[in-house]
Amino acid sequence: VIGGVECNINEHRFLVALYTSRSRRFYCGGTLINQEWVLTAAHCDRKNIRIKLGMHSEKVPNEDAQTRVPKEKFFCLSSKTYTKWDKDIMLMRLKRPVNNSTHIAPVSLPSNPPSVGSVCRVMGWGTITSSQETHPDVPHCANINILDYEVCRAAYPELPVTRRTLCAGILEGGKDSCNGDSGGPLICNGQFQGIAYWGADTCAQPREPGLYTKVFDYTDWIQSIISGNTDATCPQ
């Protein structure tokens, strides 16, 4: 996260970090939506995913931090056919559920979509500088705004007209999610509204906001899968 500050240790109990058995570094974020399920971006899929819950500082782990592996993964499209612009969402079922604790608690799915102008909080262990990467020990948080989708279409002309995507950032630049924040949550007015998935090569530039999968549009799909209907189809 560019232009943010260290998150309050108590404000991100639902934030998880993804790493692989090979590389110890957190490469993506994710969001705990109940005791057994994590939502992230499809492009965060890897062979040997490890999921860290209840983390704040990597160097000094919380005593209630937990590690899990996924038992099942679900994609809107087969994991490799989502496009750069569309349906970048993955639901992972934990092999063992986690209990709520001081630093672990799920966030609920949104009951309404966010409106343009909403103030939202983006968070993650991604780089805090853009051209050279600097990975922080603790997650950083920044407040950004939901912008009109047309702002993103102006910045990225190849964006499709249909929108299951939120456009969010600061028009004048300076605050943004960045490399390593993908898959993590965008929280607007206390509701989990977006999954970070794409931004310009240099983060936090003026008029180049980030793109976030619009969680609200996928709530039926998510709830169907969680309730056992694994053939549920994604919104078109």
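Each position is counted from 1, following the chain as shown.
Even glycines carry a Cβ here, placed using N, Cα and C.
The annotation domain 'Peptidase S1' is assigned in Swiss-Prot to 1-227 on the grounds of sequence analysis. Over the domain 'Peptidase S1' (1-227) the predicted model carries a mean pLDDT of 94.
Taken from Swiss-Prot, the feature disulfide bond covers Cys28-Cys44 (among others). Sequence-distant contacts (6 or more apart, same chain, Cβ under 8 Å) of Cys28 (disulfide bond) comprise Ala17, Leu18, Thr40, Ala41, Cys44, Gly180, Asp181, Ser182, Gly183, Gly184. Taken residue by residue with DSSP, Cys28 (disulfide bond) is part of a strand.
Under the DSSP three-state reduction, His43 (active site, charge relay system) is assigned to helix. Of all Cβ atoms in the protein chains displayed, 18 besides its own lie within 10 Å of the Cβ of His43 (active site, charge relay system). The active site, charge relay system annotation in Swiss-Prot covers His43 (among others), and the record cites similarity to another entry as its basis.
The DSSP secondary structure for Asp88 (active site, charge relay system) is coil. Here Swiss-Prot flags Asp88 (among others) as active site, charge relay system, drawing on similarity to another entry.
Taking the Cβ of Asn99 (N-linked glycosylation site) as centre and 10 Å as the limit, one finds 9 other Cβ atoms among all the protein chains shown. Taken from Swiss-Prot, the feature N-linked glycosylation site covers Asn99 (among others).
DSSP assigns Asn100 (N-linked glycosylation site) to coil in the three-state reduction, placing it in neither a helix nor a strand. Other C-beta atoms found within 10 angstroms of the C-beta of Asn100 (N-linked glycosylation site) number 13, with every protein chain shown included. According to Swiss-Prot, the N-linked glycosylation site annotation covers Asn100 (among others).
The Cβ of Cys120 (disulfide bond) lies under 8 Å from the Cβ of Pro114, Asn143, Ile144, Asn145, Ile146, Ala168, Leu186, Ile187, Cys188, Asn189, Gln193, Gly194, each of which sits 6+ residues away along the same chain. Residues or ranges marked as disulfide bond by Swiss-Prot: Cys120-Cys188 (among others).
Annotation comment: Swiss-Prot describes Cys152-Cys167 (among others) as disulfide bond, evidence class sequence analysis. Listed in sequence order, Leu159, Thr165, Cys167, Pro209, Leu211 are the same-chain residues at least 6 apart in sequence whose CB falls under 8 Å from the CB of Cys152 (disulfide bond).
According to DSSP, Cys203 (disulfide bond) is assigned to coil rather than to any helix or strand. Every protein chain considered, the tally of other Cβ atoms within 10 Å of the Cβ of Cys203 (disulfide bond) stands at 26. Per Swiss-Prot, the feature disulfide bond maps to Cys178-Cys203 (among others).
What Swiss-Prot records for Ser182 (among others) is active site, charge relay system, and it gives similarity to another entry as the kind of evidence. When secondary structure is read from DSSP and collapsed to three states, Ser182 (active site, charge relay system) falls in the coil class. Taking the Cβ of Ser182 (active site, charge relay system) as centre and 10 Å as the limit, one finds 25 other Cβ atoms among all the protein chains shown.
Counting every protein chain shown, the Cβ of Cys44 (disulfide bond) has 21 other Cβ atoms within 10 Å. A sphere of 10 angstroms centred on the C-beta of Cys178 (disulfide bond) encloses 27 other C-beta atoms.
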